[in-house]
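Asks: Here it is, the structure in full.
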Amino acid sequence: MEAKEQDVSLGANKFPERQPLGIAAQSQDEPKDYQEPPPAPLFEPSELTSWSFYRAGIAEFIATFLFLYITVLTVMGVVRESSKCKTVGIQGIAWAFGGMIFALVYCTAGISGGHINPAVTFGLFLARKLSLTRAIFYMVMQVLGAICGAGVVKGFEGKQRFGDLNGGANFVAPGYTKGDGLGAEIVGTFILVYTVFSATDAKRSARDSHVPILAPLPIGFAVFLVHLATIPITGTGINPARSLGAAIVFNKKIGWNDHWIFWVGPFIGAALAALYHQVVIRAIPFKSK
């Protein structure tokens, strides 16, 4: 009997007590299979002497240039036709934006992080994923790339036709208020930046490192879905560089009237997403040192 009781006891100890749903199997005492990157310093002067710093900025410039080139050309093709049945329509525009983000994030993630968006850069800066030095440099390069991308499209289309087709610029559509537009930009950018944080989380990256496509895919898909929802409201900004580049090249009053929405909205959305992910999801302020 004693032997049997011992066997039962040993057998029971072979299996850990059932955990509630949603609780990670890994205990806090076990070593992590991933490493949290240390917080980036606010200023990093040594970056200015590093080639990788400038290479990353160039990658952001080229990626944003290509992003504006493809997406604004797609918008031009849809707006040009009187019958939307002859074009790819809103779905095609959404696929162009989402597909380009997927491809460009995949190409540049290992070089610059694949931001291609000042709102993404701002959110990651607030989470101390990069320094202020790098954040400002990225934003400048993104805006310059966007201006050049929209400028090339204007060269293809011609000044007259580019102006007649509104140059792919963002503005609040008739029937919607500025508050509607601002809300759409805040929520849309929140979805995007929250997806970026989740897809690039250190723990998830360690687990899915053998499938490098898994980070760009949900980010691109988030951009696609947000465009499907908000193109009828604002043309979908959620990217201040995209909005500013198109507005500068278009350079008409309608492109500037509501332009502040496409900076304030995305930056608020990015800040809320960073706060939610870092404080609520990851509980970083509450973790023991």
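Quick reminder: no glycine exception, Cβ is built from N, Cα and C everywhere.
Just so it is clear, the model here is predicted, and its values are computed rather than measured.
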Asks: Could you tell me whether Swiss-Prot assigns Val88 and Ser131 to the same side of the membrane?
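Replies: For Val88 and Ser131, the topology recorded in Swiss-Prot gives opposite membrane sides.
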Asks: Short question: which residues 6 or more past the ends of the topological domain 'Extracellular' (234-260) have a Cβ under 8 Å from it?
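Replies: Long-range Cβ neighbours of the topological domain 'Extracellular' (234-260): 64, 67-68, 71-72, 75, 97, 116-119, 139, 142-143, 145-151, 153-154, 162-163, 166-173, 176, 178, 181, 184-185, 188-189, 192, 223, 226-227, 266-267, 269.
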Asks: With a cut-off of 8 Å between Cβ atoms, can you find at least three pairs linking the transmembrane segment (213-233) to the transmembrane segment (92-112)? Only pairs 6 or more residues apart in sequence count.
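Replies: Answer yes, regions in contact.
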